Structures are given as structure tokens and as C-alpha cells.
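One structure is given below, encoded as C-alpha cells.
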Amino acid sequence: SDSGSDCDSEDSSLSDSELQEAFLRGALKPGLNVVLEERPKRCNDTDGLKQCLSEFRQQLAWVERLDVTSGQVADPVSQSASDKDAVDPENDFQREMTFYRQAQAAVLKALPRLHELQVPTRRPDDYFAEMAKSDQQMQKIRQKLKSKQEAMERSEKAKQLRAMRKYGKKVQTEILQRRQKEKKNMLNAVKKYQKGLSDKLDFLDEEQTSSQGNKKGNANQRIKKGPNAKRRYKNQKFGFGGKKKGSKWNTKESFNDVSSFRSKVAHNKGPGKAGKGGKKALNKRPGKRARQKMKSRAR
């Protein structure tokens, strides 16, 4: 009885009376923690365990109990029964695998007995079980999943837009760089032509072809071919530019020859040339001073 009481006091929490007795014996020491000098002995009360098992065991048919007791399970790697000492309890993976193999062996042992008793072990296809969660909870879950999916789609769309912007910016930069390069080449060619280092005007043709390529998308530019009527008239009247033969240039003799000069014609003083108005300009009223002179002469 003493050994049993000691075992109970070691395994279970002490009551107030036991604490008082321990305090009287001097077993309690100051402090919250009690340092044990020796490791407490484990108690394996086999008789008590069997008594408890006999109390809650019910004498019912196996189909009502469905309890299966399996012994040591053979290890599929070593093909031998696993010894209890071979399993390291501190190794989580090895311990869980031992539980898994034991449960698998119990299922394989129980299935034939269920088939003998004609107990179905598979759920029918038309079997509908009640959901563990309510419809409101499932609706919340659907909305949550939907919001996550929409957020992912928005993020993906934003990524695509950023990529498109980067690509568009890259293309625009390339176009600007190409235009600057063409302009630089054009200026260099013009400078060479002005200095007489080159007598070729190929760069003008290149510029014209590039400008036509830029305006290729315009329908009006594609339909119209050649200069318009106004340009053709000016070309016919004034020529096409460039150096002429010099027939209209002044010379020393033509500059000194003033025989064909008419002052009245030159200063619009001839008949019908008075001012810009022609004949109507002759009827123009003279000025104030001219009228005063005319009056003084009449006196």
C-alpha cells in the first residue's frame, strides 16, 4: 500500500492534506520548482489496466464493434517483422510510417471479414452526404476564391500593360534614333556638297523616298501621283530652279544704256498712268496746297 501511495503521489498532483504532511516531514523546500535528485520510477499497473479494459468492454458482435488487432507489421524494405526496439520513437518519419503500415495491415485484415458479412465497403454513386459546412460558409469561400482570381487577373493584365508600354517606348526610341541618324547623314551630305567635296545629290532622292514611305498610310497620297496643277504651272512659268544660262543677267553695256528709259512711264506720269487707278486717277481732287497755288495764280 505504501508503494502504491508513493506511486500515486508521484504520478498525480498532491492534495492539500498531502502537502501539509510533506511540509511537516520537511520534504518541501523553498522555491517554486522542486529539484528531483533521482528520476521517478515508472509504474506499469497491468492489473489496473486490465480491470479498466474489462469495465468498458461490451460483449457485442464484431460488426457492431469493428475492432481489429494487428501484430507487428512486416517492413516492405527489409521484408521482416519490425522489432519494437528497431523503431526510434524520436524519429517522426519512422514513427509515422510504422503507424501507417499498421493501419494499412488492419484494413487489409478487416475487408475480407466485411465481405463475408456482406457489408458494403464502397459508397454508392448516387449517395449524397450532408455538407459539413453551411451554404453561407461555402458562399463566403466562393467569394474569397473569386476575389483572389480577379486580383490575379488584374495583376496579370497590369504586367501585360507594363510590358506593352516598355515595348512601345523601345520602338519609339528606335524610331527617334533612326530619324536623328538620317538627319545627321543628310546634313553631312549637304555640307560635303556645299564644300565641293561631292557632286552627287543622291541624298535628296533618299529623303524623298523616306518621306514617301512615311506617308504611305495616307490614301490621298497613294492616289495622287506627281505634282499638282499649281506646282506644274509654277514650274512652267519659273522653271525648276538650279543654275540657268544667264541670258537675263545685267552686263556693263546694258547697265550704262539708258536710251530706253522713259521717266513718265517709269514714274507713272503718262496718260492713263496717273497713279494706280489709271484714268480714274485723273479726276482726283488736288491737295490743299495745290489748290492755294491755283488760287494765287488766278489772282
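Please read every residue number as a count from 1 along the shown chain.
Every residue gets a Cβ built from N, Cα and C, even glycine.
Copied from TrEMBL, the annotated features are:
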{"type": "COMPBIAS", "residues": "70-81", "note": "compositional bias 'Polar residues'"}
{"type": "COMPBIAS", "residues": "147-159", "note": "compositional bias 'Basic and acidic residues'"}
{"type": "COMPBIAS", "residues": "160-169", "note": "compositional bias 'Basic residues'"}
{"type": "COMPBIAS", "residues": "209-221", "note": "compositional bias 'Polar residues'"}
{"type": "COMPBIAS", "residues": "222-235", "note": "compositional bias 'Basic residues'"}
{"type": "COMPBIAS", "residues": "276-299", "note": "compositional bias 'Basic residues'"}
{"type": "REGION", "residues": "70-89", "note": "region 'Disordered'"}
{"type": "REGION", "residues": "147-171", "note": "region 'Disordered'"}
{"type": "REGION", "residues": "203-299", "note": "region 'Disordered'"}
DSSP-derived helix, strand and coil totals, residue by residue, for the compositional bias 'Basic and acidic residues' (147-159): 13 helix, 0 strand, 0 coil
Residues in the compositional bias 'Basic residues' (160-169) grouped by DSSP into helix, strand and remaining coil: 10 helix, 0 strand, 0 coil
